[in-house]
Structures are given as structure tokens and as C-alpha cells.
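K.L.:
Can you keep this structure in mind? I'll have questions shortly.
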Ligand SMILES: *[C@@H]1O[C@H](CO)[C@@H](O)[C@H](O)[C@H]1NC(C)=O
Ligand SMILES: *[C@@H]1O[C@H](CO)[C@@H](O)[C@H](O)[C@H]1NC(C)=O
């Protein structure tokens, strides 16, 4: 399960070690029960969209947009069409970039550092047309054409549906609006759904190139004690937790489940940030605070179970219904179909950056991923190893620009503006 989250780790940490969070006040409890947006209700920016709270105040243009998936989910997107210094009306065709966050967070996490430090604004200031995507179920992407998030049917999806429905909807929209090939940046689960899509030939016609930060595909070497136990526990807890179709880390049933994991021997929840994400070398304490005001976001329990299956089995497949007859109903086969990453087109330009301290995207698992890509055209695959980086440093590290983003920029520039 711990693809989980570089991120949410920070919040879970507070959740687990702060007495008041472990037993919320009655008013907080009530809010958590009723309001989908409850956990951000303490944030001053919660009622504002991401543009208004986190982009426009820094002097950038930003548009809030909505895209409907073929299964009815209405996703929120932010577009930052130009750099801060550009005068209105500059109409040069800029290469579009879609930025896709990981699980249990939303697009806001890219924007918590200063404009000089965060990826979307750095890309906008360097001539890219930036589109920030927000996965179904996160606070600004909770609308649906006919399902309400209080209805368990709303949560009947895993990352398979992000592959088949969310990403294609966002790509189609951006391709339609810009008429150009698209560059993609994913972090964590955002890399997994990208890789799974490309392996099936999906999106590749619209894609210029993809940058994958802290890639998650194979998870069986994930080191953290908590992660491993959580993944095992998820199996046992499936039936119980399926009663909770929404996986809201701050909602009571899920919080209690997470807390119960801390009683396992070897799990030190007092060191949970490190335990879950690996040692993040370079986070800013103020950014952490901002993170805690904005995250984590909900996902579906089915999505967490699917991730747990990946941890346990070491094979990348569609969601396993754990019963041959049910798999047969869904897939026409007794076992779920495999995503074979060797089928990613070998001429697709890929940039992969991974960290030596990343306990979620373990170096051994990244090695497995690279092994699947061993026949990739050598001049189409760039791999960067950042020795001291943990999972969250790739999004919120104060030095991520110098260490990672400048390389991402150079990579995109090589694809979109060949000299
Ligand atoms: C950390 O964040 C604060 C508040 O945004 C900022 O003033 C400070 O310069 C940041 N530190 C670094 C090293 O980026
Ligand atoms: C994955 O695809 C490669 C190349 O098409 C093939 O050689 C390999 O056997 C496949 N692996 C699985 C597990 O299907």
C-alpha cells in the first residue's frame, strides 16, 4: 500500500502521534463524517481553487478547468499557460506539459514551495504550457455526472481506471486545446499509471515524452516495516475495509486501521515520516506545515488494495478480485491480465529520476523497472540517480530545481525544441 505516499506519510505521522488527532474532538469527528472536504476545512485556502490559492497570488495566470471521464468523473485541472514575466497576448505555441501527482495527495502538492522552487512554475517560466491534473476522489475532483461520493459506487475503481479513464480524458482535452504533442511528468503513482498506459499503447500517439520521478512499478522490495505490514494487513482487512469505500486517511475508520498497524512489532510510528518515505533530505519545515494543511486526500480503498497486491506479488497486473470466478467475470481469465512494461514503445523518450533514500521506490525495484526497459533505444532513455533523495524530495525538496527539475527541463527541451 505504501506506494502510498511519500506524502501522506507526513500527515499520517501527525495523525498517529498526536493525541488530539488520534481521538478527535467531537466537532472534528462530526465534520469528518459529513464533509468530503473535511480535512481541508482548517485550511484558509480550502474554499478556493488551486489557481486562486496557490498560483495567481504569485503573479501567474491560471485557469480552472474541468474534464469528464468516460465513466462520469469530473476532474479538475489547472492550466498555467505562460511564465510570470510574460506580457498578455504573447501567443507563441508553447509545448504542453501534464503534471500528475501520486496517491493520497492532489495537484496542490507541486505548488507548496516558492515559484523559484516548484516544478509547475519553473516549467511555465521556461516556456511551457503547464497543466496540473487532479485525480478522481481528491478534493477538487469529487464531482461526477450522477454519483455522489457518499455512494460507495463512486469509489469502485483502482488505478486501472486511472489508466483507462482519467489519463485519457486529460490527454484528449489537452491535445484538443493545444493541438500539440504532450510532455508528461508523473510522481509515484503518477509514474505507475503512465507506464501502465504506455505499455498498452495508450496515450503514446499524443505523447512527446515522459519524465518519471520516484518511479513506482514494482514494489516488492519496499523496505519499510510499516509498508510491508500494511500491505499484508490490507489483504486481511479487505472485507472489513470494503465497507469503507472511500479511503480517507483522516476519516475515523481508516485512521483507526492505520493506528492499529503501529502495534505490530518492528513498526515504529514515532518515526513514521522516515519509515514510510525514506529519509527526505531536503524538505523545508514551512512547506511541511503547508502540506499538512492541504493533504492528504482521499482515494478509494480498492485502489489501496490494488497497490497492496503489487507489493505482495511483485507483478504488475490489473486488480485481482482474489477469486478465479470473479476474475473470470471481469477479465474472461482466471487471473488478472499483466501490464508488461517491456511493451512500452522503445522509441518513446523517457526520463527517470530516482532516489537512493527512497523507501517506497526502492532502488532494487527501480532496477526491475529498468530491466523491463533494457531494450529501450539507448538515446531515448535518460536515467538519473539522486543518492540522498527520498520520495517526497522530488516534489518538495528545496533544491529539487538544481538537482532534478533542470534535468527535466533539459530533457523536455531536447524533445520539443531540437537544435
Ligand atoms: C522555507 O520556506 C519559507 C517560507 O516559505 C521561506 O521563507 C524560506 O526561504 C524557505 N527555505 C528554503 C531553504 O527554501
Ligand atoms: C513481456 O513482453 C516481452 C516482449 O514483448 C516478452 O518477451 C515477455 O515474455 C513478456 N513477459 C510476460 C510476463 O508476458
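Each residue's number is its place along the chain shown, starting with 1.
Here the Cβ of each residue, glycine as well, is placed from N, Cα and C on the backbone.
Caution: TrEMBL annotation is automatic and unverified by curators.
Sharing the features that TrEMBL gives for it:
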ACT_SITE  188  active site, nucleophile
ACT_SITE  358  active site, charge relay system
ACT_SITE  391  active site, charge relay system
DOMAIN    56-113  domain 'Partial AB-hydrolase lipase'
REGION    26-46  region 'Disordered'
SIGNAL    1-22  signal peptide
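Show me how these features fit into the structure around them.
P.N.:
In the three-state DSSP scheme, residue 188 (active site, nucleophile) falls into the strand class.
Secondary structure from DSSP puts residue 358 (active site, charge relay system) in coil.
The local packing around residue 391 (active site, charge relay system), expressed as other Cβ atoms within 10 Å of its Cβ over all shown chains, amounts to 31. For the recorded site, residue 391 (active site, charge relay system), the DSSP three-state label reads coil.
Taken together, the residues of the domain 'Partial AB-hydrolase lipase' (56-113) have an average pLDDT of 92.
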K.L.:
Under the DSSP assignment, what numbers of helix, strand and coil residues are found in the domain 'Partial AB-hydrolase lipase' (56-113)?
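P.N.:
Once the DSSP states are binned, the domain 'Partial AB-hydrolase lipase' (56-113) shows 8 helix, 19 strand, 31 coil.
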